[in-house]
Amino acid sequence: MSKANLLHTDNNMKITLFSEVSVGISANSILFVVHLCKLLHENKPKPIDLYIAFFSITQLMLLITMGLIAVDMFMPWGRWDSTTCQSLIYLHRLLRGLTFCATCLLNVLWTITLSPRSSCLTKFKHKSPHHISGAFLFFCVLYMSFSSHLLVSIIATFNSTSDNFLYVTQSCSILPVSYSRTSILSTMMTMREAFLIGLMALSSGYVVVLLWRHKKQARHLHSTSLSSKASPEQRATSTIMLLMGFFVVLYILDTVIFQARLKFKDVSTFFCVKIIISHSYATFSPFVFICNDKYMIKFVTSMCGRIVNV
């Protein structure tokens, strides 16, 4: 079989990947539960809480799916059939795309929410949840269509000696795809991702400019020293910038590893490193929300206190 078959013998990669998935599932579960409680207990729940809850459940499903795929990569208990391979890998690819999309739309919604009344975005404040929902539904259909080729190209691996397939797990492989088809799919994915990253960059830049103007006006109006405590706007801005910076860095690393993997003909180490990097955002992004939200900090602290007392 291909070198990818040696994955199950690499204990370091196995431990790293399963640790990442476990931490990510725990963090996203906490983030989802906290914002679900907010939505259920508040009289007028904020749209941003709804989208953070959705963002966390999408990442949670992504990591659970990755965990199932990782089991077949490192600890195969039995061969999957083609239907199982196609369903899980298609769902995983779809959830990765939706996580990308949810990150972008959450960034845009936060920008609209933080914009002042004098801003040109004020008219979108009441309509933004509906527009964001419509945009997400559109991207969901788009990602489903982009990933539909996997339902044909993914098969169960029956011939363990063939070098013509690109091995995904011990049970699943990808059929060879023509160069023209690969080029078309790559171009479409690049355009889609460039658009979303550009939208994230614009919204993040807009928030930074707004915050800078706000601080400048505050210094002008109050000559006395300002409070050292960060305002909700400042905490929200730092959250946006941290998420944006973390996302871009991991996206660049993921692209570099992907190109290296193609150059070195699917070396198992590059394959596994790419998987770890491509799921790092889903694992660690919840901690950005947890560390920048007072409600989240109180919830986690009280929960840890109860566990210690037990």
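Placement of Cβ uses the backbone N, Cα and C atoms for every residue, glycine included.
Residues annotated as disulfide bond in Swiss-Prot: Cys85-Cys172. In this structure, Cys172 (disulfide bond) is part of a beta strand by DSSP. Long-range Cβ contacts of Cys172 (disulfide bond) within its own chain (separation 6+, distance under 8 Å): Asp72, Trp80, Cys85, Leu88, Ile89, Ile154, Ile155, Ala156, Thr157.
Residues annotated as N-linked glycosylation site in Swiss-Prot: Asn159.
Under the heading topological domain 'Extracellular', Swiss-Prot lists 1-16 (among others).
Per Swiss-Prot, the feature topological domain 'Cytoplasmic' maps to 38-50 (among others); the stated evidence is sequence analysis. Counting residues per DSSP class in helix, strand and coil order gives 8 helix, 0 strand, 5 coil for the topological domain 'Cytoplasmic' (38-50).
Summarising the annotation, Swiss-Prot assigns topological domain 'Extracellular' to 72-93 (among others). Listed as Cβ neighbours of the topological domain 'Extracellular' (72-93) (distance under 8 Å, sequence separation of 6 or more from its ends, same chain) are residues 7-8, 13-14, 17-18, 62, 65-66, 147-148, 150-151, 154-157, 168-172.
Among the features that Swiss-Prot reports, topological domain 'Cytoplasmic' is placed at 115-134 (among others).
Feature annotation from Swiss-Prot assigns topological domain 'Extracellular' to 156-193 (among others). Averaged across the topological domain 'Extracellular' (156-193), pLDDT for the predicted model comes to 73.
Residues annotated as topological domain 'Cytoplasmic' in Swiss-Prot: 215-237 (among others).
The topological domain 'Extracellular' feature in Swiss-Prot is assigned to 259-269 (among others).
Positions annotated as topological domain 'Cytoplasmic' by Swiss-Prot: 291-310 (among others).
Within the chain, the transmembrane segment (17-37) has long-range Cβ neighbours (under 8 A, six or more residues past its boundaries) at 49-50, 52-53, 56-57, 59-60, 63-64, 66-67, 70, 74, 272, 275-276, 279-280, 282-284, 286-287, 289-290, 295-296, 299-300, 303. The transmembrane segment feature in Swiss-Prot is assigned to 17-37 (among others).
The annotation transmembrane segment is assigned in Swiss-Prot to 51-71 (among others).
The feature transmembrane segment is assigned by Swiss-Prot to 94-114 (among others).
Among the features that Swiss-Prot reports, transmembrane segment is placed at 135-155 (among others). If you look at the transmembrane segment (135-155), the same-chain residues 6 or more away from its ends with a CB under 8 A from one of its CBs are 82, 85-86, 89-90, 93-94, 97-98, 101-102, 105, 165, 168, 172-175, 177, 181, 185, 188-189, 192.
According to Swiss-Prot, the feature transmembrane segment maps to 194-214 (among others), an assignment based on sequence analysis.
Annotation comment: Swiss-Prot describes 238-258 (among others) as transmembrane segment.
In this structure, Cys85 (disulfide bond) is part of a helix by DSSP. Counting Cβ pairs under 8 Å that are 6 or more residues apart, the transmembrane segment (238-258) and the transmembrane segment (51-71) reach fewer than 3 and are not in contact. Sequence-remote contacts of a segment are chain residues at least 6 beyond its ends whose Cβ falls under 8 Å from one of its Cβ atoms, and for the transmembrane segment (51-71) they are 17-18, 21, 24-25, 28-29, 31-32, 35-36, 39, 77, 88-89, 91-92, 95-96, 98-99, 102-103, 105-106, 109, 132, 168-169, 275, 279, 282-283, 285-286, 289.
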